Amino acid sequence: MSLPLISPASGGGSPSPGTAGRGVSPGGGPRGGLRGRPRGGGTRGARSPLGALFVTPYALFLVVVFAVPLGYTVWMSFHRFYFTAPGTEVDAPWVGLRNYQDVFTDPVVLRSFLNIAVFLVINIPLTVVLSLVLASALNSRVPLRSFFRAAYYLPYITASVALVAVWGYLFGTDGLLNHLLGGLAPDPSWLVNSVLAMPVVAVFVTWTNLGFFVMLYLAALQSVPRELYEAAGVDGAGRVRTFMAVTVPGVRHATTLVTVLAVIKGSNLFTEPYLLTGGGGPDHASASPVLILYQKGIEQAHPDFAAALGVVLVLVVVTLSLIARRLTERKGA
Amino acid sequence: MLRKTAAALLLLALTGASTGCARTTPDSAAASSSRGPVTVWLSNNAQEVAWGEKWIAEWNAKHPRERIKAQKIPAGKTSEEALSASIVAGNSACLVFNTSPASVPQFQKQAGLVPLDGFPGAEEYITARTGERAAQYRSEDGKFYQLPWKSNPVMILYNKKLFAKAGLDPEHPKLSTYEDFLASSRKLVRSGAAKAAIWPAPSSEFFQSWFDFYPSFIAETGGRQLVEDGKPRFDTPEGRRVVRFWRGLYRERLAQQELFPGDSMAAGKAAMTAAGPWAVAAYKDSIDWGVVPVPTSRGVPASKTHTFSDEKSVSMFSACENRATAWDVLRFATSKRQDGALLDETGQMPMRPDLLKTYEGWFEKNPGYRKFADQADRIVEVPGVAGSVDLWQALRDRWTASVVFGRERPEPALRDASEKVSELLDEY
């Protein structure tokens, strides 16, 4: 017997043509998020003087910490600029797209974007699949469930430096893995191998962040109605079929969130290559754009180049996030 | 009304924040004759800190109105980054006892340094204290933005116990020619005495070339700088011999491609290291060490070998408000007596000519340092040109790709690096 098409949206997923799709979300609020909010409510809030006063500190925070630096970064990226002592008058001539031209013709920068592409190709599918599978397992009644939940979350809250030391021990030339592999160990070893260094970093980051994404999926799984699983059981669906037809569509919004966050986190990669591969080695094979941004802007005192690279990176991340969102949400359309 | 009030509050807070954060550089004319408290930053080297605490306590006891407040340089990956950030923030110390000459052109460009020539007798003091080598520390505009303070001539320190284990003579190791150095290295590694004969950092930070390529290049050329008369001078037969020598060490796995987390020689993983006398403090209690000059292709005698200085200077930063006092402090801390205390406490070489005679008694008590003192008379500095960091980075990128990882042939890589350095010099 085939399973009837049950819209997962009835349990809190995306809106569907069904009756449940127009109902209320599990939290009791209006479905559809901000899009579904009555316009009047928003306007009333904006007109409240007290509300405006309450908002002021956060608005100030946004302006000082985000808007001003972002605007300044864009300005820097179109000028020949360097940092000087306060009160020093220096020329910062307009150079148009020169800094961007330098960014796009720098082989190390291009390599770093290629590295990030490799990273994301490995990291995102691994993150989504592993965290969903683990969350599903930890959502069921398994022995020592709380222990396993804590165990998977532990790397996420442990200092990167400590985790890097463990991975250095595992993947070093004299590391545990090479001892186990013996003659099958790669030569040069993992972290100094220009082909393997970035995949090792990608797997490392997947492992460290997995706990966070498992938590997101666990939260999403709470909102998938038990009735859907019961209905699937009545229809004779096996575990895999139930997982694919109920669980996966039921947590689609969480998948979008996980994917977008993984893209953003991956694109901001810095600590791991900085510590694990000796600053993006070997020979820039694991360098990330943020690492190059730091090296150019801080180590080599070229903030204008770094600003242009930062702007390019922001555009790339926004584009990738939009694509990820479109892809993950289209599957359920 | 309240909405307008909120907007006004926001504007006020922004103005307040920006005003509160803003600093200005003190007026140069007023600051140069001003006296009062000064701040001093020291490196995080334990021996240097101990030395600093002593003379600062001595100064403070005698100058209650011009007290010195000292601390270690704020944490950063390198001191240079922390110093550059402090220039931009306007909160540098008056004096920093750890300025790298390679960073001086950049700090100058940032308007972060005070030219010392403006103080009465400064030029005479610097040139008399440093001797002929002082010329290497003048900036392109002819001024001194740094007082050459101490050097750490890079030599080859080796572990006698590991040499003996490999069947090599620990008292007279054959390390002077490339051929001998490679042969000894092979014995060290193949006998299992050490995992690596020598283990310099294989990473791409611009300054790492100061501990592999540059000392070898200086030794091989008899004391040439990387850049002279505005042109790169390393794509030469000497430079090519140096890259081939180091490529041989990596190709035969006598040097490791992996970054060692810590000090490979202290950990017993490497039998040799290229370092200055600062490293002795780290080894003296655990390793029976010996020291020889950097090898050359033909084996230059120790008395004629040149090497990289790994020098650190003292600079006065433009955030300093009491510069007259700072200059007095600088002279006090670099006097013959304090230099002797520095030598005694740290084993590092004050930038004074003829150290062996000047501090004869100390070297008699500490004969292990005599070779460093002798070598200190033949040291070569990084070129003090604008864009210095970029030049070193260009060289390092090609070095790691070719010499360390063998992805390209070292000679063409050296040529590429030279062309890139040439472009950068023209650009600056």
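Glycine is no exception: its Cβ is also placed from the backbone N, Cα and C atoms.
Bear in mind that the values here come from a model prediction, so they are computed numbers and not experimental data.
What TrEMBL records for this protein:
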COMPBIAS  A:10-44  compositional bias 'Gly residues'
DOMAIN    A:109-324  domain 'ABC transmembrane type-1'
REGION    A:1-44  region 'Disordered'
TRANSMEM  A:50-72  transmembrane segment
TRANSMEM  A:113-138  transmembrane segment
TRANSMEM  A:150-170  transmembrane segment
TRANSMEM  A:190-221  transmembrane segment
TRANSMEM  A:242-264  transmembrane segment
TRANSMEM  A:305-324  transmembrane segment
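Residues 145, 148-149, 152, 198-199, 201-203, 205-206, 209-210, 213-218, 220-221, 243, 247-248, 251, 255, 258-259, 262-263, 266-267, 269, 284-289, 316, 320, 324 of the same chain lie 6 or more positions beyond the ends of the transmembrane segment (A:113-138) yet place their CB under 8 Å from a CB of it. Only pairs six or more apart in sequence are counted, and the transmembrane segment (A:150-170) with the transmembrane segment (A:50-72) gives fewer than three Cβ pairs under 8 Å, not enough to call it a contact.
Residues 73-74, 76-77, 81, 99-100, 102-104, 109, 113, 120, 124, 256, 259-260, 263-264, 267-268, 289-290, 292-294, 296-298 of the same chain lie 6+ residues outside the transmembrane segment (A:305-324) yet bring a C-beta within less than 8 angstroms of a C-beta in it.
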